[in-house]
Amino acid sequence: MTATIIDGKAFAASVREKVAEHVTRLQEEHGITPGLAVVLVGEDPASQVYVRNKGKQTLEAGMNSYEHKLPVETSEADLLALVEKLNADPAVHGILVQLPLPDHIDEEKVINSITPAKDVDGFHILNVGLLGTGQKSMVPCTPLGCLMMLRDQLGSLSGLNAVVVGRSNIVGKPMAQLLLRDSCTVTIAHSRTKDLADVCRGADILVAAVGRPRMIPGDWVKPGATVIDVGINRIDAPEKGEGKTRLVGDVDFDSAKEVAGAITPVPGGVGPMTIACLLANTVTACCRANNLPEPEGLTA
Ligand SMILES: Nc1nc2c(c(=O)[nH]1)N[C@@H](CN(C=O)c1ccc(C(=O)N[C@@H](CCC(=O)O)C(=O)O)cc1)CN2
């Protein structure tokens with residue numbers, strides 16, 4: 001069997017189109033333009049690319065983008081002061097502080113200083129608690145993107161065995177909560193799980209988010225399973241030339257695609273959905289702030 005390849009790039013484009021349509025409606029019917037503030041501290045090259053893409057895609061969707069680029073030596077107090085300013089700014093409906101932050105800044109403290117209603121990353125402790133108890137919250141972008149792709153691929157997820165490999169606060173744990181909310185039977189596994197291969201082989205839905213290049217081979221995949229690969233790992237690629245690199249996922253794509261029913265590639269799978277869902281969350285936050293109906297199909 002050769003799996004259906006889930007095209008995250010195309011899916012993300014369709015999400016961005018829906019976002020843009022909703023933004024137009026907000027402007028025409030209510031005179032409101034959603035605004036997203038993105039804060040970058042330092043000059044991490046990957047973060048710079050992500051932040052640039054976030055700003056570009058925000059503007060393309062018709063929203064206002066506010067970029068704040070701070071030097072690496074910015075103090076925690078100065079960063080907290082900026083977040084406070086953005087919290088109080090009525091033109092800003094969503095705030096995102098790009099991670100990772102430099103070592104001298106307490107990430108948790110910064111995340112928890114964002115007003116929960118503007119926390120479009122869904123990382124604030126209040127949003128984590130709301131999601132965990134099945135209440136309305138902001139939902140982290142990468143897991144939201146995975147959920148959208150799974151629903152599109154499978155329709156109802158009810159009763160399916162889902163295994164999430166990885167227990168990070170950003171992906172693994174919220175992903176498990178979302179799958180549970182859609183009535184999956186959920187196992188959170190990780191690198192220390194006993195008989196991890198057997199646990200994975202029981203999964204109708206296998207979400208890999210461990211950050212280890214090609215850790216999950218095809219013979220860990222149940223025939224016909226839907227595999228969502230969240231990993232983005234840069235490895236050496238001497239076949240492309242000296243010093244060249246390429247991106248691979250946490251799943252060994254070549255062997256897994258022979259067994260799975262559907263699978264996301266890396267790159268071009270989950271990655272593009274992350275920014276599309278950030279835009280979706282910004283529109284959701286804007287609608288909630290103005291007591292307007294939420295955009296259909298763009299929330300969990
Ligand atoms: N505050 C946050 N920080 C970080 C998040 C986040 O959700 N919130 N996630 C990641 C980085 N990230 C967005 O910020 C992100 C990662 C990957 C992609 C993406 O489109 N990847 C492409 C490949 C890109 C490449 O060639 O390097 C793909 O997978 O196809 C988008 C956004 C950490 N920080």
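Keep in mind that glycine also has a Cβ here, set from the backbone N, Cα and C atoms.
What TrEMBL annotates here:
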type	residues	note
BINDING	Gly166, Arg167, Ser168, Ile232	NADP(+) binding site
DOMAIN	6-121	domain 'Tetrahydrofolate dehydrogenase/cyclohydrolase catalytic'
DOMAIN	140-288	domain 'Tetrahydrofolate dehydrogenase/cyclohydrolase NAD(P)-binding'
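With a CB cut-off of under 6 A applied against ligand 1, the binding-site residues Gly166, Arg167, Ser168, Ile232 are reduced to Ile232. Note on the domain 'Tetrahydrofolate dehydrogenase/cyclohydrolase NAD(P)-binding' (140-288): DSSP counts are 59 helix, 30 strand, 60 coil. Sequence-distant contacts of Gly166 (NADP(+) binding site), defined by Cβ-Cβ distance under 8 angstroms and a gap of at least six in the same chain, are Gly172, His190, Val207, Ala208, Ala209, Val210, Gly211, Val230, Asp250. According to DSSP, the secondary structure content of the domain 'Tetrahydrofolate dehydrogenase/cyclohydrolase catalytic' (6-121) in residues is 60 helix, 19 strand, 37 coil.
A C-beta separation below 8 Å, combined with a sequence spacing of at least six in one chain, links Arg167 (NADP(+) binding site) to Lys173, Ile188, His190. Summarising the environment of Ser168 (NADP(+) binding site), the number of other Cβ atoms within 10 Å of its Cβ, over all protein chains shown, is 17.
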